[in-house]
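Novice: Pulled the feature table from TrEMBL, pasting it below:
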type	residues	note
ACT_SITE	His291	active site, proton acceptor
BINDING	His334, Glu340, His370	Fe cation binding site
BINDING	Tyr349, His370	homogentisate binding site
DOMAIN	5-278	domain 'Homogentisate 1,2-dioxygenase N-terminal'
DOMAIN	279-431	domain 'Homogentisate 1,2-dioxygenase C-terminal'
Amino acid sequence: MANLKYLSGFGSEFSSEDPRRPGSLPDGQNNPQLCPYGLYAEQLSGTAFTAPRNDNRRSWLYRIRPSVIHKPFRRINTAKYLTHNWDEQEPDPNQSRWLPFDLPPADVPVDFVCGLHTVCGAGDARARNGLAIHVYLCNTSMTNSAFYSSDGDMLIVPQQGVLKITTEFGKMEVAPNEIAVIQLGMRFAVHVDGPSRGYILEVFDGHFKLPDLGPIGANGLANPRDFLTPVAHYQEIEVPEFKIISKYHGALFEATQGHTPFDVVAWHGNYVPYKYDLSKFMVINAVAYDHCDPSIFTVLTCQSTKPGVAIADFVIFPPRWSVQEHTFRPPYYHRNCMSEFMGLILGAYEAKEGGFLPGGASLHSTMTPHGPDTKCFEGASNAILKPEKIAVGTQAFMFESSLSMAITKWGAETCQKLDAKYYECWQNLPKLFSDKL
Ligand SMILES: O=C(O)Cc1cc(O)ccc1O
Ligand SMILES: [Fe+2]
């Protein structure tokens, strides 16, 4: 898939046609009586028809066959640990930390869909409010199958292995330190070169947007032009059974059809899959004193209906200069009305240099105290505050949600990665209180 082309921009009205069929995109209308080259027109709606213009998302696909030609969906159980059941475990407000999730053994082929494991979540896809956090742990490419979620938009964060993603809109390649967003209903297939692991944030309502910048101004954080959308690329594959796998109400369903769904010759619209390279993030930080809240590192946000409150924010902790004077520079001690799920793509995270490892995770739930471990506190309290480049060669991230998430049985028990001793990292924080000012 080397040398893939992309369209640049965020939320734009794009159009694309496969160069092998020039003129395949109808000119000046969506529904010609007969489409060019005998194509079928199909609309993919990502918002209600009546959503305000600024929020409205839809695309028109011109394809060899309409998606409706398929046999009935039937329930499958190939992703045993994919769930929306948030009541599997007793509630647990403790700080949770997971060692890196295990990849499947080399002699057991597992593809992206079979490798989906739900770690935690909240809410209900049926009521279109909530989120699920999954990890994918796979080693094999999907063949003659395509996947889509009927429950939500998926923000995919590869941690190990490059994902070659074929979508109805075209192809994209997503490496660790890049992310992809595949929105509700968009069909895709994932090819991998070897063992592949990553995190998925699935939101059951709305779509990801760039955060408002307020006084920051017109530029900065994730810049719109760095978001890349695939260009139209059709395949003409006829097979006895191409599997279309839908995640619907947290369960998997499969329908077969005699052709590939990646048969879109041309498309236009503003409802598209996209990717983003996290190294392009324009970092804003405190340059005088104090630790800024991590919302300054928001890449994308999926807003709830409450102003300024997110169903989930995707936040990163990129390499940056730390220059604050007379300041305890690492993250502060914190209790939060939001839930904080963190993962690590590469390197180490400043507030905890051991135990939180690439491919692992942590969850600090609603109002559960968290913050730097003893070593970090002692080091930063006594450090000489020179300008320092921090987080070099690392990338930690956070899915921060206003919902209070429950951990699944797989996350709590089956994966066997929960670190029962996590709480110990704070137990040796000394009492420093004295009668001296
Ligand atoms: O490490 C964390 O848990 C996330 C976090 C980062 C930060 O910069 C400030 C507060 C916070 O909770
Ligand atoms: Fe926090």
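From the backbone N, Cα and C atoms, a Cβ is placed for every residue, glycine too.
Remember, it's a predicted structure, so these values are computed and weren't measured experimentally.
Situate these features within the shown structure.
Specialist: Within the same chain, residues at least 6 positions away in sequence whose Cβ sits under 8 Å from that of His291 (active site, proton acceptor) are Gln324, Thr327, Phe328, Arg329, Pro330, Pro331, Tyr332.
The Cβ of His334 (Fe cation binding site) lies under 8 Å from the Cβ of His364, Pro369, His370, Gly371, each on the same chain and at least six residues away in sequence.
Secondary structure at His370 (Fe cation binding site), as computed by DSSP, is strand.
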Novice: Relative to the Cβ position of Glu340 (Fe cation binding site), how many further Cβ atoms are located within 10 Å?
Specialist: 21
Novice: Neighbours of the Fe cation site His334, Glu340, His370: Cβ within 8 Å of the Cβ centroid, same chain, sequence order.
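Specialist: Once His334, Glu340, His370 are set aside, the remaining close residues are Pro331, Arg335, Asn336, His364, Thr368, Pro369, Gly371.
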Novice: From His291, His334, Tyr349, which recorded positions have a C-beta atom under 6 Å away from some atom of ligand 2?
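Specialist: The qualifying recorded positions are His334.
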Novice: Rounded to a whole number, how many Å is the Cα of Tyr349 (homogentisate binding site) away from the Cα of Glu340 (Fe cation binding site)?
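Specialist: Counting only the Cα atoms, the answer is 15 Å.
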